[in-house]
Amino acid sequence: MSRRVELLLLLSFCCYGAVAANGNSTKPFSLRLVDGNSRCQGRLQVQRAGQDWTEVRPLSAPLWFGNRACAELDCGSALSLEEKTVPHRDAVQVFPSFCADSSLIDCFDSDSRYSPDSLELTCSDSVRLVGGRSLCSGSLQIQDQSLAQSWAGVCEGALDRRGAEVLCRELGCGAPLLQGALSPLGQTFHCEGNESKLMDCNRTRTGPETCPTLNLTCKEPLRLVGGASHCEGTVEAELRGEWRRVMTPDHWDLETAAAVCRGLDCGSAVSTEKRRGSDWSEAWRVKTACMKKSSVRECLYDYGSSTSYLQVICSDSVRLVGGRSLCSGSLQIQDQSLAQSWAGVCEGALDRRGAEVLCRELSCGAPLLQGALSPLGQTFHCEGNESKLMDCNRTRTGPETCPTLNLTCKEPLRLVGGASRCEGMVEAEHRGEWRRVATYISDSWDLEAATVVCRDLDCGSPVSKERRDGSDTEVWGVDTDCMKKSSVRDCIFGGGSSSSFLQVICSDSVRLVGGRSLCSGSLQIQDQSLAQSWAGVCEGALDRRGAEVLCRELRCGAPLLQGALSPLGQTFHCEGNESKLMDCNRTRTGPETCPTLNLTCKEPLRLVGGPSRCAGTLEVRHRGEWRRMMTAGRWPLDSAAVVCRSLDCGSAVSTEMRRGSNSSDVWAIFPDCEAEAPLRDCVVGPANDTDSMEVVCSDSVRLVGGRSLCSGSLQIQDQSLAQSWTSVCEGALGRHGAEVLCRELGCGAPLLQGALSPLGQTFHCEGNESKLMDCPRTRTGPETCPTLQLTCEEPLRLVRGSSRCEGTLELKFRGEWQRVMTPYYPWDLEAASGVCRDLGCGSVVSRVSTVILRENLWGVKADCVKRAAVRECVFSGSLYRAYDLDVLCSGHQEAPKDRTVP
């Protein structure tokens, strides 16, 4: 052995020992596999710090969970995960959904009880594919004890076809897809093809010190059976060496089916259906939410017998990739005569008839006009009546490199019964049949979902949407959460009957894009006389009356003052009483290029019954009617901040849901609407309730640009100044003034700031004022100056610990200190990290999350804590089951404990 290698090995052992020792001192849990043939196979057991080893009791654990465990054990990839019967013993329940986006420890409950079941896991041990779309694709790495590094990449050309087949089979995948980097010459691994493991093959260990890494894709262990080709039929999957049908109780839509087509290298999903047969047979169950992030195989688990099955038709040899739906993107074809599996198609390769054939083949609507479509020089010569693009005659010659053809087909969607094509009841074509579209969750049809409909129809922005009841009829059910990321067509999950239907009115020919909401952004118009579908409008094209017409047309509030609005030189000449901007007289001439007009309309909100316009009961105007807002109780400060910002009322100080004595008509708000979404976008429909939402905003002061509402640059709103908000200079506040401001914003005491000064300040406060603007002011000062930055403490503390960075979490909310709970699920690591962050206490060392069964509490939205301060995520409400938090932050080191107490 060379001296250099000896030194590398020595260093690796030293470093590994140091890391392991450090890891054992802080690691909250350990895993192991017992009673198997190697350390990477056996029954899975977990040990929390300071506790005994315990069996893991399964709860529909899919393969991706097993892969997380294999990674924790440094054992490569998961090959199989199986429930086994063992003698009765203590076991910890595993909940895979708890840790899908967080630490693996969050999957394990501490609810130990006697159980006859355990989880048996087999990992790949010394080989893995990393960085790919699934466990069956990526860069090849091997773990070789003779190498200094734990895992090492393998060079391109190290495998030939037989070696690739051995590897794919070892990983539980299908056959390898053709790879240019596979070579019969110069390979490192010399396989006969019948080996069970790649590391059993003979090896040539010499090679270059640096080289490109081998990337490999194996087919997923899937197949479609009973169809006209290998890309059509009933979905079957192989798991643990056994082929079974795949079934799911979840929504099964085209977006989900696309994972099947992708796994089979079969292009795009064209059609899918969930069916019920007469015969019972063993089936694998699949979690469709998991499939949208992973492969089918990684989302399977044992189910038992079922009569249900899934059918899929894929496009086989054509697909559109990189678009926002399956009906748009760059055109690729799969040609067996080409070395590469999929090849891009050049611009100009299709004319209009070829594009029509392709869109029809993909079960999409007609192609939208594309500059890259040409009747000259095309590769595909179609008559227009072909069923598939690859049936058209082709000219195979062309340039070696060229811009790729991008194509958008219309979505098979329409609005019927309205005054125009951009207004009416939503219908979609699925499996060749037009039906109404329905949602089975009443509060999921919000403005964000309606935006997708208007966008897919190229109809501008939604100005109104409604869910109505009529006669019972056949409908297509749609998953609106899926819709918001894709298209209506991709998210239809099946048929049924319903009496409800969805109506939408879109703005048709005007829209504001790129803003914070549908009421703000750059103005674009759709003009049939223009070559482009949508065109930006120049600054100065609108005066105040034109802006008022536009904001009214979009069902928004009055326009906010804009420097780019001008009574001179405008394109649109409005009287002010028009219902649509395009009804105004227009001067069509103008510069060829110009800055685009940006406009913000006020949101249709107001606060009533309070001491000022910035405090009171929240009302929303929807469908032309003002009503109180009602939600299902989870209305934290970060949601109220959107209201204050929309009203130009500073920061949110407090929010409260109050119960009145009289019931009245209200607008119901989707409770889990995105915190940053404008309130108008979240209205789902009418209701009758006694509740009202009270909001108090800071009105004329705010801190902006900080990590919370309690930190940032100080700005004030002064009606005597031309600008709406103005920054305040460093030194403008003394200690008393900072205390007044922090108290006014509902925050804790000000943290020491070098920019606070008892001399020369603008605000002269005694310290007992309720508002900063009540303090006497010296209005003179420099024209330009550094802005005052201030941080107020968060009203947060840890109690009953040995330091301020350890203990049980409490928050001061509405003047009262109380424990803070997460509803239904324990605090995960990322949410607990937000607590340590807000306290200035470093990172989480350990956490204990204890279940509390009680009614009234301060609840906290854990997802909100990951992006905002804890104070901004708290709501009051009644919950049957919630978890409090005991946390130890790195500001006070001690032996770790990490557990969830039932």
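Every residue gets a Cβ built from N, Cα and C, even glycine.
The disulfide entry in TrEMBL for CYS584 points, among CYS574, CYS594, to CYS574. Between CYS191 (disulfide bond) and CYS392 (disulfide bond), the C-alpha separation comes to 43 Å. Long-range Cβ proximity for CYS775 (disulfide bond), meaning a same-chain Cβ under 8 A and a gap of 6 or more residues, is found for GLY737, VAL740, PHE763, HIS764, CYS765, GLU766, GLU769.
When DSSP labels each residue, the domain 'SRCR' (796-890) comes out as 18 helix, 47 strand, 30 coil, counted as helix, strand and coil in that order. Considering only the disulfide-bonded residues CYS382, CYS392, CYS574, CYS584, the residue whose Cα is spatially closest to the Cα of CYS201 (disulfide bond) is CYS392. Taking a C-beta cut-off of under 8 angstroms and a sequence separation of 6 or more, CYS392 (disulfide bond) has the following same-chain neighbours: GLY354, VAL357, PHE380, HIS381, CYS382, GLU383, GLU386.
Helix, strand and coil counts under DSSP for the domain 'SRCR' (413-507) come to 20 helix, 51 strand, 24 coil.
Across the domain 'SRCR' (796-890), the model assigns an average pLDDT of 81. Over all protein chains present, the Cβ of CYS191 (disulfide bond) has 22 other Cβ atoms lying within 10 Å.
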